[in-house]
Amino acid sequence: MPCPPQSDQLVFFVNGRKVKCPLWHLFLDHPLPVRLTGTKYACGRGGCGACTVMVSKNDPVFKKIRHFSVTACLVPICSLYGAAVTTVEGIGSIKTRLHPVQERIAKSHGTQCGFCTPGMVMSMYTLLRNHPQPSEEQLMEALGGKSDTEKVHHPRGQMGTVFLAESSGCQQKGTGKCCLDRGENASSPLGGKNDICTKLFAKEEFQPLDPTQELVFPPELLRMAENPEKRTLTFYGERVTWISPGTLKDLLELKVKHPEAPLILGNTSLGPAMKSEGRFHPILLSPARISELTRVTETSEGLTIGAGCSLAQMKDVLAERISKLPEEKTQTYRALLKHLKSLAGPQIRNMASLGGHIISRHSYSDLNPILAVGSATLNLTSAEGTRQIPLNEYFLAGLASADLKPEEILESVHIPHSRKWEFVSAFRQAQCQQNALPHVNASMRVLFKEGTDSVEHLSIAYGGVGAATVSAHKRWDELMLDEACRLLLDEVSLPGSAPGGRVEFKRTLVVSFLFKFYLEVLQELKKLVKLVSVPDSRRHPDISDRFLSALEDFPVAIPQGVQTYQSVDPHQPPRDPVGRPIMHLSGLKHATGEAIFCDDIPVVDKELFMVLVTSINEKLSKALKLPGVLDVVTAEDVPGTNGAEDDKLLAVDEVLCVGQVICAVVAETDVQAKRAVEMIKITYEDLEPAIFTIQDAVKHNSFLCPEKKLEQGNIEEAFEKVDQIVEEVHVGGQEHFYMETQRVLVIPKTEDKELDIFVSTQDPAHVQKTVSSTLNIPINRITCHVKRVGGGFGGKVGRPAALGAIAAVGAIKTGRPIRLVLDREDDMLITGGRHPLFGKYKVGFMNSGRIKALDIECYINGGCTLDDSELVTEFLILKLENAYKIRNLRFRGRACMTNLPSNTAFRGFGFPQGTLVTESCITAVAAKCGLLPEKIREKNMYKTVDKTIYKQAFSPETLIRCWNECLDKSSFHSRRIQVEEFNKKNYWKKKGISIIPMKFSVGFAATSYHQAAALVHIYTDGSVLVTHGGNELGQGIHTKMLQVASRELKIPMSYMHICETSTATVPNTIATAASIGADVNGRAVQNACQILLKRLEPIIKKNPEGTWEDWIEAAFEQRISLSATGYFRGYKAFMDWDRGEGDPFPYYVYGAACSEVEIDCLTGAHKKIRTDIVMDACCSLNPAIDIGQIEGSFIQGMGLYTTEELKYSPEGVLYSRSPDEYKIPTITDVPEEFNVSLLPSSQTPLTIYSSKGLGESGMFLGSSVFFAIADAVAAVRTERDIAENFIVQSPATPEWVRMACADRFTDMIPRDDPKTFKPWSIPIA
């Protein structure tokens, strides 16, 4: 390969040290050329925030050092010229000194799996570098760019609030009351107040924040900024040349020379396009050093902002101008600022430039519609001179006559001041409030003839649906509104097959936004007319007080709340950690980036990188000829078994779905492997019929396994005597979205066919067995290692085995180590997720609300192979009854076979989908009887010791306690009255409240799956090494195991260590799943420790005053074994499906959750006001970890039921393959008040120390938010006298909510005949 020309020196610093960058390997994807693993790669598109670092530069606009957070996955190395980068390793370490941010996030229990904790730390750190005492708004903005399925829970909010200028503290501060005193029943059966604790960490122990101890900006970079290099700098990479001119003149000359070369500043648009769409540009022009592009000037006419200013800089400029100018001049600026606060996350706003945002002309742009109606002008420059063009609908449409010429650049944007009698507003609606692309956004401007309400000009621009200018030289009244709505719907054309779908919803938003604008302007007009004393002000239509709430946007607030748990017995020895809120063992390492995950393992000698080829690619030819590509692994290379007959590891002849793995490319680097994959083309013949939906599967009798059925009583006879309801329920699927994607490193050894496999999995033994059968070698030659896993949720039970086996085939074929790391898009495409469900129920009930008969039939979309679908169907049927005793029941379930990737295990394992059907049935009965849903729930709940539908006996006493505690702690009954009062007073906003009980069965339905083993070594210095069969997924299992060992051996946890989970130390392990990991492994560790202590008893009796070290030394001298294997045979569990009875579950976890929401009937948006959870944890091993699990699972469940929506094309291609399209909750989605209580004084003799497994149970409680939304929607429909029932559909997205709140705007939109167009997406449930 020829050597590229000599590059200029690329000067930048990382963590205070100057970096020399090997530009020979320069590529936009390449990581920083330093071996720092704290910054994690998770999505590659800047959408999750896991890779957040801080960049510091000299800001020419504000003349100071500017610190800003960025997502490292989008930062081109060459863009760092003159910058200082700070990563999580640069601010503190467990080896030296922790930074206060790192300390507080760990000690306030703000980490779980820890994979993206460094990103959270760096977001907070950057905020504090700029604002040592931030406001609540600044804190929420800093954390708003982080998405995390598991860890968006309350301690994160607590961690942040300890830095606030004035910490919010108790929700009711200043009232003389504490939030713990709330509750309607003063004699609540909590037990004594002294038994209840609300303190999970000691804030007073935190070290103070000292800004003087931070890294200084490197003097060399300061000198470079003061005397900037004016010559053009050129950096040559392997395929890309980066040119950075120092002057505007040089840039314009380069643009003439390279007219097709894009300008690149933030890389937030070009970067993702180059990665996911395969775009390639051999030359990139960087105008970052050109001061003219970052100038901001103001005249009496308006504001001119340089196109090179970041959106964050623009936001600061606008905020400063708004504070100084009269309100009448800042209408456009206020609209822009409003959208800038919710546009993407702060990291993206820090990187993205105003010019890039405008020139990209994305249909979803939040700013372009505002600039268009605000009459913004684009100032263009080229070597031939300057010119101005309007930013209008012609520019946004990309018409050549209104666009830039190839040699031109956008230098600045002029935004005029607004005028008196002119009003500008902006609107947007997205899947969630923050960090989400809008479905529709709009900006509207109206100008009135001075002193009147006669419209002189009305202009409207929409993002996502088009632009419109409505001629409405009329008065601002209802007649004008109706005419404008009709004109808009005619002019804004949106075909039924429009990309993005949601066509009717978008059409409704078009007119709903106009109505909001109408009300806003009417309100402002009345104020203005009153100020200038216009005599005929009575002409303005009055706005009913009930309509005023339509004008208010939902505010973003820091989540607050209280966590309560039972204190340990005062007689418990202080060194005994069981029951105490001990920090996660790896918490500090999570926060410093020193926790090592699978892909953090340093590159092994001769290592190769593997990339999978899936059926989304369209004759294997040129790939092997590319530089660095060594081989392609196909099914023919498998020496043993290529998976199962109906579930191949690598496809042979037939492909069953889009996303099936066909082969794998092996190359020297990941970049070379990915480039080769792009060259592979595969030809197909379509299978007939192609089945994607449950309805199609039922129609074609396409099922994966026999029907599962449970029945009790006489259902047919019972139905004859009661009223009946027959309804359908649709529950969408869910992506696991673990932050650490699937990854594995396979290292072949030099002898005996041995393999070391480092893998991110919940079940290393399954990986070991699968690799053994695939390679046809004994299991004992294969060792699987799991240090920690960056989230699993069931998605890393079965899938890692297949990926590990494919990588192992590559390792055996090449004789070299293989690293396989899935990109986020491939992970979402290949691995499947939660099963979508279609449920039908028939319920028979009395007018009193007593349910006499219930018949539920459920179908789940299993995908193309069996996987876990049969087990999920069984568990779904077993758990359908939830908390209710109904005498006559019939539950049936089928798993449908479709041409989609196989769905698999997911937290809750069928319970969250199936029980939503049951609870929907309860809600429907309440509506028919004219009773409140909570009354129907109470009336039908288990009351006494009884048997379930599968004849397992249990006592519902704890269930009833949870229900009553939740009613009381949430002040449910008084708040129900307040909700009803609010709804009477507000037409366009409605509140809903719901309380949901839960009986969740823990464990597997087979005894053999409950066994566990442990190995405990005591070394001669007294230190203890604990090994067990559980895997650390973030649920704190290692922490709990050391708590158990500490109690049993009666020594401090500091004496103990857990290295990893390995199949070489504990063989034949069971998957860490079904909420029992700590239960069963704790028993095994307990057993091992008791064996050891029994051996030590004679020595301790002989020398009772001796130290632990003395006893161990004596034991060694007396040849007593200091190593023991512990074993737990497992809980007994069985199920006889032929007889329909058994004891399939060891025990139940009970709980209840109450949630209150407020919905916007015009947009479908909702705000979570408050959630109270009461959970039966019995005697928690670690209340901090358990509360974190409850909160995390609740938030993940809330995502399932509200925002997480999978979209498939009519051809079965998954559209939603990144955080751009698939929205998991962020911190702004957490309820404003979020309280969690562990039920005190609860015992169970079955489990270790009377604890319970809580990993999954909180998931379903997220449905309390869903039913609160449904409650609010029902209030709307009752008020509007809409008789017909609406189909229950999860998730309750803004689209579903808005269209369910039918009104004159939903009635006026045109609706397409489904037979006349091909939809963009299809519902697979």
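The backbone N, Cα and C atoms fix where each Cβ goes, glycine too.
Just so you know, TrEMBL annotations never went through curation; they're auto-generated.
Note that the structure is predicted; figures quoted are calculated from it, not measured.
Pulled from TrEMBL:
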ACT_SITE  Glu1256  active site, proton acceptor
BINDING   Cys43, Cys48, Cys51, Cys73  [2Fe-2S] cluster 1 binding site
BINDING   Cys113, Cys116  [2Fe-2S] cluster 2 binding site
BINDING   Leu263, Ile264, Leu265, Gly266, Asn267, Thr268, Ser269, Leu270, Asp366, Leu410, Arg428  FAD binding site
BINDING   Gln762, Phe793, Arg907, Ala1074  Mo-molybdopterin binding site
BINDING   Phe909  substrate binding site
DOMAIN    8-91  domain '2Fe-2S ferredoxin-type'
DOMAIN    235-420  domain 'FAD-binding PCMH-type'
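There are 22 other Cβ atoms within 10 Å of the Cβ belonging to Leu263 (FAD binding site). Long-range Cβ neighbours of Arg428 (FAD binding site) (same chain, at least 6 residues apart, Cβ-Cβ under 8 Å): His339, Ser342, Asp366, Pro438, Val440, Asn441, Ala442, Gly463. Highlighted in sequence order, Lys40, Tyr41, Ala42, Gly44, Arg45, Gly46, Gly47, Gly49, Ala50, Thr71, Ala72, Gly119, Arg824, Pro1219 have their Cβ within 8 Å of the centre of the Cβ atoms of Cys43, Cys48, Cys51, Cys73, the residues recorded for [2Fe-2S] cluster 1, and are not part of that set.
Of all the binding-site residues listed here (Asn267, Ser269, Gln762), it is Ser269 whose C-beta has the fewest other C-beta atoms within 10 angstroms. Look at the Cβ of each of the binding-site residues Cys43, Cys51, Cys73, Cys113, Leu265 and count the other Cβ atoms within 10 Å; the largest number goes with Cys113. Restricting the recorded positions Cys48, Cys51, Cys116, Leu263, Phe909, Glu1256 to those with a CA within 10 Å of the CA of Ala1074 (Mo-molybdopterin binding site) leaves Phe909, Glu1256, listed by sequence position. Of all the binding-site residues listed here (Cys113, Cys116, Leu265), Cys116 has the Cα closest to the Cα of Cys48 ([2Fe-2S] cluster 1 binding site). Looking at the residues that bind FAD per the record, Leu263, Ile264, Leu265, Gly266, Asn267, Thr268, Ser269, Leu270, Asp366, Leu410, Arg428, the two CA atoms farthest apart are separated by 29 Å. When pLDDT values are averaged over the domain '2Fe-2S ferredoxin-type' (8-91), the model yields 83. Sitting within 8 Å of the Cβ centre of Gln762, Phe793, Arg907, Ala1074, and not among those site residues for Mo-molybdopterin, are the Cβ atoms of Gly792, Gly794, Gly795, Val797, Ala905, Phe906, Phe909, Leu1033, Thr1072, Ala1073, Gly1255, Glu1256. Looking only at the binding-site residues Cys43, Leu263, Leu265, Phe793, the one with its C-alpha closest to Cys116 ([2Fe-2S] cluster 2 binding site) is Cys43.
Neighbour density around each Cβ, counted as other Cβ atoms within 10 Å, peaks among the binding-site residues Phe793, Phe909 at Phe793. Shown in sequence order, Phe793, Gly794, Ser1193, Gln1196, Gly1255, Glu1256, Met1259 are the residues of the chain, 6+ apart in sequence, with a C-beta less than 8 angstroms from the C-beta of Arg907 (Mo-molybdopterin binding site).
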